[in-house]
Every structure is written in C-alpha cells, then in structure tokens.
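Down below is the structure, laid out as structure tokens.
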Amino acid sequence: MLIFNGSVFMPSVLTLIGIPGLESVQCWIGIPFCIMYLTAVIGNSLILVIIKYENSLHKPMYIFLAMLGATDIALSTCILPKMLGVFWFHLPEISFEACLLQMWLIHSFQATESGVLLAMALDRYVAICDPLRHATVFSQQILTYVGVGVTLRAAILVAPSIVLIKCHLKLYRTTIISHSYCEHMAIVKLAIEDIQINKIYGLFVAFTILGFDIICITLSYLQIFITVFRLPQKEARFKAFNTCIAHICVFLQFYLLAFFSFFTHRFGSHIPPCVHILLSNLYLLVPPFLNPIVYGVKTKQIRDHVLKIFFSKKTS
C-alpha cells in the first residue's frame, strides 16, 4: 500500500467503523441485530425444510417462497458476521478484495430478492387472472429458468460496479469506511478521482432492477385487485385476496424500506450519519427477519406444517 501526499494508492486493507457517532453503544446495538439474524436464519431454514419435504407444497408459489428464503439467509449471512465482528470483537479491518466481494454479494442478493418478489407477483397474477393457464405458464422448466434468470440478472448487472472501482479509482483519501458493511457508495466516496461514472452506474442498476420490478409488481397487483373485485361471490373474493396478503405485506416492507433508505441517503444531507447507517442496516436485516414470520402467520399451509412439527415433537 503506497501513500502519496496523504492519499493512498490502491489500499490493501480497509477499516469499517460501524455506526459513526454510536461507537460507544455498538455492542448493545449488536444484540437485537444478532436476534434478528438468528430469527431470519432459523425461520427461513424451517420454511425451506417444510417446502422440500412436503410434496403438497411443491407448487410455484411455495417454490418461489423457498427461493426468497434462501436469498434472505444468504443476504443476512453476508452482512451480520462481519458487522458483529466490528460491534463486539473490535475487528474492523477487511481486505480490499473481500470488501468488494461483500459489496457485490450484498447488492446481488438484494437484486435477486427483488426479482423473486416480481416472480411471486406474476405467479399470483396468472393464478387469479388466468387460472386455466397457470400450470402451463409456471411449469417446472419455467421455474428453473426464472430462478436462474433473476440470479444471473443481479450478478451480471452488479459486477461492473466492481470493475469500475478496481480500474477507475486508484487514489483514496482514506481507508476508513464510515459504515458497518461494504456498501457501493461508501467505498466510492473514499476515492479522490472523479466518481461521477460510478454514481451514474449505481443509479442505473438501481432503477433498472428495482424500478422495473416495482412497476411490474404494481401493475400485476392492480390487475389482480380489478379481477378480484369483479368476482360475484364475496367468499370467492375473500379467498382470492387472502392468497395475496402475505405477498403484499412482504412487497411493501421490502420496497418501502428500500425507498426510505435510498432517499434519506441521497437527499437527506441534514440527517445525522448514524441515522443513515441504521436505516441501511435495517433495510437489509428487517426483510429476512420478517418474511418467515409473515408467511408463517398468513399462509395457512406453512402455519399448519410448522404447528405440526412442534406439536409432534411435544407429544413424542
């Protein structure tokens, strides 16, 4: 690592400071974060096991739910271990390459989760608006293509941001990242060179993935609501709408947190840095934590199997 007039040329090690301004209480903040992580891993793993071994749940809706659970486990695991290392064990150093890898994984899994939510919305759209074609549209082969497609879309679109950092940014004013994980803009802002192209590409990826997905999901649910309210029987309307409640809850909490974090980070210059970092952390940790709870409570098939597992263990 070479230093020129206070600047650093291609640093080999970066330092994560956690939550700026709250360093003295980070050990306490780590406790609820750890609880959320354990709940996310256990809850999503339980859903994955239930869907895998229960043949009646081998349907598109539950397969997409399994994809969402696997993505949530991977996303939270990319963040929490290192974050707790910073909070609890005073291990802030991370190699430059490992930091870029964490950044790529985090943003890729975020984009993958958005793609899975879009697939779930389209699944509900076809199931309610065109039920006779549902089995054809969402065949096993199509499900495989969707899973591979949303993963590749995320990985390929996020990858150039790493290349732009490695090839375009050489000199850094500091090696200290004012964040608790390696986030794209937090790394880019360390550089001395012009970062306009990095900012533009970051916005391009955000609007290409999240913007496209939000528009398609919103249009899907608008059409679903129109179709449901046209049903003649009240019971049929309630049954059709009930199959979407869990999806709508997950969709709203994921994208509302995303937008709130995004706009406060981009335009909330008067907001203290610790608030920005806490919002960023919650944006990544709350969905994996809440998703298994929402689906466990609102989806009868999942809820029944969870109760069956615990009831069987208790009686045995």
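Every residue number used here counts from 1 along the chain in the order it is shown.
Glycine residues also receive a Cβ, built from the backbone N, Cα and C atoms like all the rest.
TrEMBL has this to say about the protein:
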DOMAIN    43-295  domain 'G-protein coupled receptors family 1 profile'
TRANSMEM  28-51  transmembrane segment
TRANSMEM  63-89  transmembrane segment
TRANSMEM  101-122  transmembrane segment
TRANSMEM  142-165  transmembrane segment
TRANSMEM  200-228  transmembrane segment
TRANSMEM  240-263  transmembrane segment
TRANSMEM  275-297  transmembrane segment
Interface check, the transmembrane segment (142-165) with the transmembrane segment (275-297), three or more C-beta pairs under 8 A: no
Tertiary contacts of the transmembrane segment (275-297), as residues 6+ beyond its ends and Cβ separation under 8 Å: 18-20, 33, 36-37, 39-40, 43-44, 46-47, 65, 68-69, 72-73, 75-76, 79-80, 83, 106, 110, 113, 178-181, 183, 246, 249-250, 253-254, 257-258, 260-261, 264-265, 268, 303, 306
Interface-richest range of 28-51, 101-122, 240-263 toward the transmembrane segment (63-89), CB pairs under 8 Å: 28-51
Cβ contacts the transmembrane segment (101-122)/the transmembrane segment (240-263), at least three under 8 Å, sequence gap 6 or more: yes
Folded-back contacts onto the transmembrane segment (240-263), same chain, C-beta under 8 angstroms, at least six residues removed: 61, 68, 113-114, 117, 120-121, 124, 127-128, 206, 210, 214, 217, 221, 224, 227-228, 231, 279-280, 282-283, 286-287, 290-291, 294-295, 298-299
